[in-house]
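Colleague: First, the structure itself, so that you have it in front of you.
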Amino acid sequence: MNDAPRTYDVVVIGAGPVGENLADRTRAAGLSTVVVERELVGGECSYWACMPSKALLRPVAARAEARRLPGLAASVAGPLDSAEVLARRNAFTANWKDDGQVAWLDSVHLDLVRGRGRLDGPRQVVVDTPDGGTVRLTARHAVAVCTGTTAALPDLAGLADVRPWTSREATSAQQVPESLVVVGGGVVAVEMATAWQALGARVTVLVRGGALLERMEPFAGEMVADGLREAGAEVRFGVSVTSVVREGRQVRVGLDDGGELTADEILFAVGRKPHTGDLGLDTIGLAPGGWLTVDDTCQVTDIADGWLYAAGDVNHRALLTHQGKYQGRMAGAAIAARAKGEPVDDAPWGAHVATADHGAVPQVVFTDPEVGAVGLSAQEAESAGHRVRVVDYDMANVSGASLFGDDYRGRARMVVDLDREILVGVTFVGPGVSELVHSATVAVAGEVPISRLWHAVPSYPTISEIWLRLLETYRG
Ligand SMILES: Cc1cc2nc3c(=O)[nH]c(=O)nc-3n(C[C@H](O)[C@H](O)[C@H](O)COP(=O)(O)OP(=O)(O)OC[C@H]3O[C@@H](n4cnc5c(N)ncnc54)[C@H](O)[C@@H]3O)c2cc1C
Ligand SMILES: NC(=O)c1ccc[n+]([C@@H]2O[C@H](COP(=O)([O-])OP(=O)(O)OC[C@H]3O[C@@H](n4cnc5c(N)ncnc54)[C@H](O)[C@@H]3O)[C@@H](O)[C@H]2O)c1
C-alpha cells in the first residue's frame with residue numbers, strides 16, 4: 001500500500017552517524033526533517049565498523065600495555081577470554097538492534113521512514129518500505145545523501161561460493177576461526193588482523209604492495225608490521241590472490257607467486273564502494289554507482305538550484321566517522337542558512353564549510369602499536385608544493401613513555417611548513433598515542449605558529465612531552 005505523499009524542508013537518505021548529525025543540525029535550525037533508513041539506524045559505524053571493531057581491539061591494547069609492566073605482566077600472561085570479548089562486542093552493537101538510536105531520533109523530534117530511499121527527479125525521494133509499499137517524500141529545500149559505503153570485493157571466479165569475510169563478518173563473527181587469511185594492507189586489514197590474532201586465530205596478512213598503511217608516514221606501516229609479527233601473525237608483501245575455492249571447512253587460496261594457503265576463513269579488506277548504485281541518480285542526470293562530488297558546503301556539484309547535498313563516506317572526501325559527522329554539521333548549517341536566505345560563510349574555515357577535510361583530517365589506527373596522525377605526510381606536503389622540514393623523534397626517550405611501559409617503542413614526526421612556520425602534519429606511533437592526536441589536530445587545524453607552540457607546555461611526566469622534544473629538535 002502506498003502512503004500519502006509528505007513534504008519536509010529536508011529529506012536525509014541514510015541514518016548512519018553522518019545522516020543523524022546532519023538531520024540533527026537542520027532540525028535544530030527549525031527545518032522539518034525526515035530521515036530514511038533501509039537497515040539499522042546508526043549505520044555501518046555502530047554495528048559493523050567503528051564500535052564493534054574497537055570493542056574487539058580495546059582488550060588487546062589493554063593486555064599489551066599490562067604486559068609491559070613488571071608486577072602486572074604475569075597476571076595477564078594467558079590468552080584473552082574470547083567469549084567474554086565477543087560478548088562485550090555484542091553489547092556495544094546492542095546485539096544489532098537499533099531501538100536506542102530510534103529512541104534518540106524520537107527524543108529530538110526527527111521523523112524516520114524505514115525502507116530503501118531513491119531519488120525520483122529533483123527534490124523527490126521515493127521510499128520502498130519493508131511491507132512492499134512506497135512513500136513519496138518531497139523536499140522544500142534539500143535532499144542530503146548520507147548512504148555510506150559497502151566493502152569492495154575483487155573480481156575472482158567463484159568468490160561468492162567461498163563466503164568470504166568482509167568488514168561485516170570481521171566485526172560480527174561469533175566464533176574465532178582457527179586460521180584467517182587477511183587480504184589488504186589498509187586500516188581494516190591491520191586492525192582486524194590484530195584483533196583476530198589476539199583472539200586466538202592464526203592470521204596471515206597478504207599485501208599486494210610493499211607496505212602497510214600506504215597513505216601514512218612509512219614508519220607507521222613498518223612498526224605495525226613488526227607488531228603484528230611479534231604477536232604471531234605472518235605478514236607477506238608483494239603477493240596477490242589469484243584463486244579461492246572452499247573445500248569443506250577450509251578455503252584454498254592460490255597466489256600469484258605460485259604458492260597456496262589454506263585457512264578456515266578469508267577476509268577481503270580491499271577498500272570500499274559507495275551506496276549509489278540503486279539511488280535513482282539517473283533520474284537527476286548523474287551516473288549511478290559513483291562517488292558524489294561536492295563543494296566544501298557538501299552541495300553536490302552541477303545540480304541546478306543546488307538542492308542536493310552529500311556528506312560522509314559517499315562523497316569520498318575522508319572515509320571516517322568523525323570527519324563525516326563534521327561534514328554533516330557543516331552541511332546542515334549551510335542548508336539552514338540557504339533556506340532562511342541568510343549569508344553562507346563559505347570562506348576557508350568559515351561556519352558553513354568543511355575546510356578541515358583538505359589538510360587537517362585526524363585518524364587513529366587501533367593496532368599495537370597505535371598510530372595517530374593528522375594532516376599531511378611529508379610526501380603529501382611536498383607533493384602539494386609546501387617547502388617543508390621533517391622533524392623525527394624516538395619516543396622511547398620521553399620520560400612519560402618509558403613510565404607508560406618497559407621497552408617502549410615509538411616514533412613521532414612533525415612536518416613543518418617553513419614559509420609559515422606552522423605544522424602541516426603530525427604522526428605518532430607507539431602504545432597509548434591515540435589520546436595524543438587531538439593535541440596535534442588543534443595545532444594543525446588552528447595553524448598555531450611554532451613560536452606560540454613553545455608556550456604550550458606539556459605536563460611532566462606524560463607522553464605529551466613528545467611535543468617539547470619535537471620542538472627542541474626543530475630549534476636545535
Ligand atoms: C571495519 C571498519 C572499522 C572502522 N573504524 C573506524 C574508526 O574507528 N573510526 C572512524 O572514524 N571510522 C571508522 N570506519 C569508517 C566509518 O565506519 C565510516 O566512515 C562511517 O560509517 C561513515 O558514516 P556514514 O554515515 O557516511 O555511512 P554509514 O555508516 O555507512 O551509514 C550509511 C547508512 O545509510 C543507509 N543507506 C544506504 N543506502 C540507503 C538507501 N538507499 N536508503 C536508505 N538508507 C540507505 C545504510 O543502511 C546505513 O545505515 C571504519 C570502517 C570499517 C569498515
Ligand atoms: N581506525 C580507523 O579510523 C578506521 C578503521 C577501519 C577503517 N577505516 C576507514 O575505512 C576505509 C576503508 O578501509 P579499508 O582498509 O577497507 O580500505 P583502504 O583503502 O584503507 O585499504 C585497502 C587496501 O587494500 C589494498 N587492495 C586494494 N585492492 C586490492 C586487491 N584487489 N587485492 C589486494 N589488495 C588490494 C590496497 O592496496 C590497500 O592496502 C578507510 O578509508 C579507512 O579510513 C578507518
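Cβ atoms here come from the backbone N, Cα and C positions, even for glycine.
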Colleague: Among Cys45, Cys146, which cysteine does TrEMBL link to Cys50 through a disulfide?
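Modeller: Between Cys50 and the options Cys45, Cys146, TrEMBL records the bond with Cys45.
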Colleague: In TrEMBL, the NAD(+) site includes Gly184, Gly185, Gly186, Val187, Val188, Ala189, Val190, Glu191. Which of Gly115, Gly258, Gly259, Gly271 does it also list there?
Modeller: Gly271
Colleague: I'd like to know which of these recorded positions, Cys45, Cys50, Val188, Val190, is least surrounded, judged by other CB atoms within 10 A.
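Modeller: Among the recorded positions Cys45, Cys50, Val188, Val190, the lowest count of other Cβ atoms within 10 Å belongs to Cys50.
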Colleague: Tell me the Cβ neighbour count for Gly184 (NAD(+) binding site), meaning other Cβ atoms within 10 Å of its Cβ, over all protein chains shown.
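Modeller: Excluding its own Cβ, Gly184 (NAD(+) binding site) sees 23 Cβ atoms within 10 Å.
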Colleague: Using all protein chains shown, find which of the binding-site residues Gly117, Gly186, Gly271 scores highest when you count other CB atoms within 10 A of its CB.
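Modeller: The residue with the most neighbouring Cβ atoms within 10 Å is Gly117.
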Colleague: Test of understanding: give the count of other CB atoms lying within 10 angstroms of the CB of Lys54 (FAD binding site).
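Modeller: Its Cβ has 18 other Cβ atoms within 10 Å.
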Colleague: For Gly186 (NAD(+) binding site), what is the secondary structure state per DSSP, taken as helix, strand or coil?
Modeller: coil
Colleague: Suppose we screen the recorded positions Cys45, Cys50, Gly117, Val190, Asp313 by Cβ distance to ligand 2 with a cut-off under 6 Å; which survive, in sequence order?
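Modeller: Near ligand 2: none of them.
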Colleague: Within the domain 'Pyridine nucleotide-disulphide oxidoreductase dimerisation' (361-467), count helix residues (DSSP H, G, I), strand residues (E, B) and coil residues, in that order.
Modeller: 36 helix, 33 strand, 38 coil
